[in-house]
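Here is what Swiss-Prot says about this protein:
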| type | residues | note |
| --- | --- | --- |
| BINDING | 9-16, 56-60, 118-121 | GTP 1 binding site |
| BINDING | 183-190, 230-234, 295-298 | GTP 2 binding site |
| DOMAIN | 3-166 | domain 'EngA-type G 1' |
| DOMAIN | 177-350 | domain 'EngA-type G 2' |
| DOMAIN | 351-435 | domain 'KH-like' |
Amino acid sequence: MLPVVALIGRTNVGKSTLFNYLTRTRDALVADFPGLTRDRQYGRVQRGERDYFVVDTGGIIEAAEGIDDQAMKQVDHVLDEADVILFLVDVHAGMTAGDELIADRLRRINKPVLLVANKIDGTQALIAGAEFHAFGLGEPLLISAAHGTGVHALLERVEALLPESGETGETEAEGGIRIAVVGRPNVGKSTLVNRILGEERVVVYDQPGTTRDSIYIPFERRGERYTLIDTAGIRRRARVNEGVEKFSVIKSFQAIEKAHVVIYLVDASEGLTDQDANLLGMVLEIGRGLLIGFNKWDGLEPEQREKVKRQIDVKLPFLEFAKKYFISALHGTGVGVLMDAVKPIYQSAMLDLSASRLTQVLQDCLTAHPPPLVRGRRIKLKYAHQGGHNPPVVVIHGNQTEDLPAAYRRYLGNEFRNAFKLQGVPLKLVFKSAENPFQGRRNELTERQIRKRRRMIRHVKKR
């Protein structure tokens, strides 16, 4: 599971500014979920070899300004979920009663806490951070989130404290094909999980996976071993208070990251929402095999069904590779067909692609449709090899590949997909250009060449 970094602090200390700085400068994606919150509060950060989630808990701590017990319980839930906590304070405002209350709670937990003194612009840094030593949380890290001052050093400290993302509480090799059931609240995730397990009539048990309480449910189907990653129950508990509600999104992300295949469930009676499209975009970016189940299909009138199918064409054009199934989790209609598709998708995700076959497919593509000219020169694509699994990654080497148009990249992706009969998985293409050995080098003239050049210049001037 990917680790979680939580930003804690009072209102207007710069949590959102720091969050925006981190997500603006990361190498991967940020997920926005307008259906859950009006603010950008959930981000996935990839920096070098480190990969983790960052959460702006602004709304939680703002609720705590009243210093009531219920608000502090929400803070406690945040602290339980996070691996590293960044406690932000405002050097201009100095120490406040709200800061002291939060610091008192942080001193009692057994988790890494970094004290971050923000807004050091226009102040003497050492003097600005001095008073915060009184919190007893170590040396304050002085930053300006607005301008990025000190943020690089802060991230180095954070990443040194994070657990490795591969550390989990269950043995991956023993679980078979891992399936994550993901979707918005109340779309029937728990019903689908119970239907899948009930159909097979096997004895199952809840195996706690990590400290984040994802539930791993092993079962067998037609002699094949599977593990359901069930996050459905997590979201039910999320209704209790806002603190857990926010982290339910992170739990969904972690379930997607852990899975081989994702079953994304949509409530067909409500149609496709923007939140559905955002979550599906996350699955695509992470690169997992995907099945989309439209639940409660049996309760729709014919005109409603046509409306949903039109929505699929309009809102999900980027998921042409994903199979869509129209099911009823409650009555079991279509669930068997849905499960039959899981194994072929897993096999596509883990397929070994030989370099010779990939290069042959590439050459066939070039023969049928050569790359376009760029600045009068044709882009050269030379050979291809596999770069990874789940999702399948194809690395293509050539010259000027950075100038290859998006349309031609899509053409290559479709041809590779068809050639290897990949089902239900995104295919990632990585283009690499050969390095120019002379780039950045200047020809150093000898003394003799310099004297000759000067004579030539004088000769030209005399003429």
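Note that Cβ sites are derived from N, Cα and C of the backbone, with glycine treated the same way.
What you see is a predicted model, and the numbers here were worked out from it, not measured in a lab.
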Original post:
Per DSSP, TRP297 (GTP 2 binding site) is which: helix, strand or coil?
Top reply: helix
Subject >> Candidates ASN12, THR57, ASN186: member of the binding-site residues with the richest Cβ shell (10 Å) >> reply: THR57
Subject >> Three-state secondary structure, which DSSP defines for LYS189 (GTP 2 binding site) >> reply: helix
Subject >> GLY183 (GTP 2 binding site): secondary structure state under DSSP, collapsed to three categories >> reply: strand
Original post:
Looking at the binding-site residues GLY9, ASN12, LYS15, THR57, ILE120, which has the shortest Cα distance to LYS189 (GTP 2 binding site)?
Top reply: THR57
Original post:
When you measure from the Cβ of GLY9 (GTP 1 binding site), how many other Cβ atoms are you left with inside 10 Å?
Top reply: 24
Original post:
Of the binding-site residues listed here (LYS15, THR57, ILE120), which is spatially closest to ASN186 (GTP 2 binding site) when Cα positions are compared?
Top reply: THR57
Original post:
In sequence order, which residues at least six apart in the same chain have a CB under 8 Å from the CB of TRP297 (GTP 2 binding site)?
Top reply: ALA268, ARG305, PHE326, ILE327, SER328, THR333, GLY334
